[in-house]
Amino acid sequence: MGGCFSVSLPCDQVVSQFSQLLCVRGSYIHNLSKNLASLQKAMRMLKARQYDVIRRLETEEFTGRQQRLSQVQVWLTSVLIIQNQFNDLLRSNEVELQRLCLCGFCSKDLKLSYRYGKRVIMMLKEVESLSSQGFFDVVSEATPFADVDEIPFQPTIVGQEIMLEKAWNRLMEDGSGILGLYGMGGVGKTTLLTKINNKFSKIDDRFDVVIWVVVSRSSTVRKIQRDIAEKVGLGGMEWSEKNDNQIAVDIHNVLRRRKFVLLLDDIWEKVNLKAVGVPYPSKDNGCKVAFTTRSRDVCGRMGVDDPMEVSCLQPEESWDLFQMKVGKNTLGSHPDIPGLARKVARKCRGLPLALNVIGEAMACKRTVHEWCHAIDVLTSSAIDFSGMEDEILHVLKYSYDNLNGELMKSCFLYCSLFPEDYLIDKEGLVDYWISEGFINEKEGRERNINQGYEIIGTLVRACLLLEEERNKSNVKMHDVVREMALWISSDLGKQKEKCIVRAGVGLREVPKVKDWNTVRKISLMNNEIEEIFDSHECAALTTLFLQKNDVVKISAEFFRCMPHLVVLDLSENQSLNELPEEISELASLRYFNLSYTCIHQLPVGLWTLKKLIHLNLEHMSSLGSILGISNLWNLRTLGLRDSRLLLDMSLVKELQLLEHLEVITLDISSSLVAEPLLCSQRLVECIKEVDFKYLKEESVRVLTLPTMGNLRKLGIKRCGMREIKIERTTSSSSRNKSPTTPCFSNLSRVFIAKCHGLKDLTWLLFAPNLTFLEVGFSKEVEDIISEEKAEEHSATIVPFRKLETLHLFELRGLKRIYAKALHFPCLKVIHVEKCEKLRKLPLDSKSGIAGEELVIYYGEREWIERVEWEDQATQLRFLPSSRWRWRET
């Protein structure tokens, strides 16, 4: 019995220990919710401790006599790392909690839930450990100084401090020798560089000298050399006898022995450091150079390919700065003033220069009437606001003056015709410029577009235009820069009626003008004007924007006295249903836009406008005919897409007579027209956008598309064809040959809907620059790219290299997008809805843009649960970024 007892005791212990182990591991799963809550609570405590330490450091480092201890910095870095890990962990907590079952005591995937639960426990322990280490008796120590001249500056706000920290970290990186700071005038570049200068006085003796030089537009090499020499102890009478090269040698001999920082403020062109005598900063010598400029091009010429943009302030940051300038007493003098002050601050659009000047001007205004008047002036004629011309517009004008040539300046000023904060389509803007004669249309469409985009790029890099972040095809103008452009257009305010811009201000009638003969440009777009009756002598008028109004009728007299009108835009006047015959008197007209109007018949006089090169008749739902268009023999761009207009053989013949035509957009809804039009190589080369609609199977069983090198956008809707084939040329000898080179080299957007006979879209292999693909409501589509057909065409073509967005809607038969995983180096969004048979996406863990999220939207929650991922790594890569979203139809 004794022997048995001695054996049973160790067995009990083993069982007990094994049970405890199972309980511990089981707790990773069934205590997951509780453990996550504990982790979140511990993280809040750690953040609070981090905040206390940072606040102590800011107080002690403020004097510039203290620097933080290394152990404190190590602890802060560890906290940042654990915070990032915590955020990553938290992103997938909903998925993990949904995976639990049996009231949280089990999981649909024990392995994944166990791993996640264990990570939660391990992180909880690490957070608690870091929190306990965050008690410091001392956080900083005394530090020596570099040779720095501190420069006074006005108090700054949180947003500017964040920008400072970012710039400082970039400059102080070991591999960084030179930092470029660029941004529009008045955005705070000099303030930022000043704070960088002063910060060097608070760090240790890593640098021997910090040199500040104001360069400006008129600076010379000699002037820069003199400023540097004064700082390093050179100069004297003998310098007047030396040339620039000899002085450069002297400066170089001094600086090569010292670890220096050179800060160059306000440079307008490349500063040749070698010519000045400054050793080029490198990792080896440990020296630093930072500069500010208004032009990103200058950054490139200085050898900085990744400069830091100094941006306008966010709305709340703008309000903080504006409050600081106006003062608490003024803001508190009447309960309505803070609300009005916010409206005034918004007019500045985050530009610190404007916030400072306007804030100071309003600091003594303590009545509601004064604030309301300020809003009225800033809205209707900002140039009349106190300080606007002298302190803001003159400062910004330096950027305009620095533009190279009158062409660039004219193109810039043209952008001020659009309303405040208006998104301007780049290609549409270039079409205006071509029609105005800024760009010579005889150079050909491709050259014109390239030149136009080069001008836009230059203006963006000069911070005079802003490129839209989401949609790179749009630009806009900062409101204060727009005021500067309007001021310049009016000869610096001397001829305010030379360029009349009242866009988007709620006008109901054409404004009164003292002398119409002096008016060159008028923009009344985005208003509520209904009738245009007046007739005026507009001998100098070249541009008239009336788009996006409520115009119902235009009198016959209106067009009689505009002999030099070149651009007329009447688009998006949806109540406009007729035009007077007197349109024929606009003999100089080159650009005419009637899109989105309800005009049912074009006046015969329109066909007499022989100078017309751009005619837009898109989305005209009532237009019946354009017979006679061949009389516009100089026409180069013609928009017909989405109009009620029927494209028949007689119209095709007229289009073939337009010898100068370069761009056309149209709809094809008849097989009788499709074949002859697609056999006309000259017309095919002009097609930029085309929609095939209502082509029935009995008439077009196979749609054969020729090479369309200029095609940008393609729609195929409600068609019955069974297959789409591609031919490389339009000649009959090659009609059935498979293409070996891209046939749609510029095609970027494809829409296919309600084509119930199609089985696949393998022809998309020959659209290498496709960025957007939407396929919907086509019940027989089984493959986007058929593996079998793809091998027949070319085994070497990899599809969708440029694809950014993929939408798949109600494709009940869709089984595959592609047979194997693709790299998708540009893909950002996949949206799948009502595609029940699609079980696998062509993704692996390396698909998508490196370091960026690829969002998968799905319409049915059960679909995402059935997706078969390539492997676990792929699932972990994409499942957390999958989101339910029902498509609005």
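Keep in mind that glycine also has a Cβ here, set from the backbone N, Cα and C atoms.
According to Swiss-Prot, the feature ATP binding site maps to Gly183, Met184, Gly185, Gly186, Val187, Gly188, Lys189, Thr190, an assignment based on sequence analysis. In this structure, Lys189 (ATP binding site) is part of a helix by DSSP. For Lys189 (ATP binding site), the number of other Cβ atoms no farther than 10 Å from its own Cβ, over all displayed protein chains, is 25.
The average pLDDT the prediction assigns to the coiled coil (29-58) is 84. Under the heading coiled coil, Swiss-Prot lists 29-58, citing sequence analysis as support.
The domain 'NB-ARC' annotation in Swiss-Prot covers 140-444.
Here Swiss-Prot flags Gly2 as N-myristoyl glycine.
Annotation comment: Swiss-Prot describes Cys4 as S-palmitoyl cysteine, evidence class an author's statement.
Feature annotation from Swiss-Prot assigns repeat 'LRR 1' to 518-539.
Per Swiss-Prot, repeat 'LRR 2' is recorded for 540-561. Distant neighbours of the repeat 'LRR 2' (540-561): 417, 436, 503, 516-534, 567-573, 575-583, 585-586, 593; these residues of the same chain sit at least 6 beyond its ends, with a Cβ under 8 Å from one of its Cβ atoms.
For the repeat 'LRR 3' (564-586), the residues of the chain that approach it from at least six positions outside its boundaries are 432, 435-437, 525, 530, 538-558, 592-606, 608-609, 616, 622, judged by C-beta separation under 8 angstroms. If you look up Swiss-Prot, you'll see 564-586 marked as repeat 'LRR 3'.
Taken from Swiss-Prot, the feature repeat 'LRR 4' covers 588-610.
Counting residues per DSSP class in helix, strand and coil order gives 3 helix, 3 strand, 17 coil for the repeat 'LRR 5' (611-633). As annotated by Swiss-Prot, repeat 'LRR 5' applies to 611-633.
Marked as repeat 'LRR 6' by Swiss-Prot: 634-656.
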When you average the Cβ positions of Gly183, Met184, Gly185, Gly186, Val187, Gly188, Lys189, Thr190 for the ATP site, which other residues in that chain have a Cβ within 8 Å of that mean position?
Thr292, Arg294, Val310, Leu351, Pro352, Leu353
Same-chain residue ranges lying at least 6 outside the repeat 'LRR 6' (634-656) that approach it to Cβ under 8 Å:
431, 441, 445, 595, 610-628, 662-670, 672-673, 676-677, 680, 682-683, 689-691
For the repeat 'LRR 4' (588-610), find every same-chain residue at least 6 residues outside the stretch whose CB is under 8 Å from a CB in it, and list them.
431-432, 435-437, 547, 563-582, 616-626, 628-629, 631-634, 639
Out of Gly185, Gly188, which of these binding-site residues shows the lowest number of other CB atoms within 10 Å of its CB?
Gly185
If you count other Cβ atoms within 10 Å of each one's Cβ, which of the binding-site residues Gly183, Gly186 has the most?
Gly186
Which chain-mates of Thr190 (ATP binding site) that are at least 6 residues away have a CB under 8 A from its CB, listed by sequence?
Asp265, Asp266, Thr292
On the DSSP side of things, how many residues of the repeat 'LRR 3' (564-586) fall into helix, strand and coil, could you say?
5 helix, 3 strand, 15 coil
Counting only residues 6+ apart in the same chain, whose Cβ is under 8 Å from the Cβ of Val187 (ATP binding site)?
Val310, Ser311, Cys312, Leu351, Pro352, Leu353, Cys463
So how many other Cβ atoms are close to Met184 (ATP binding site), meaning within 10 Å of its Cβ?
24
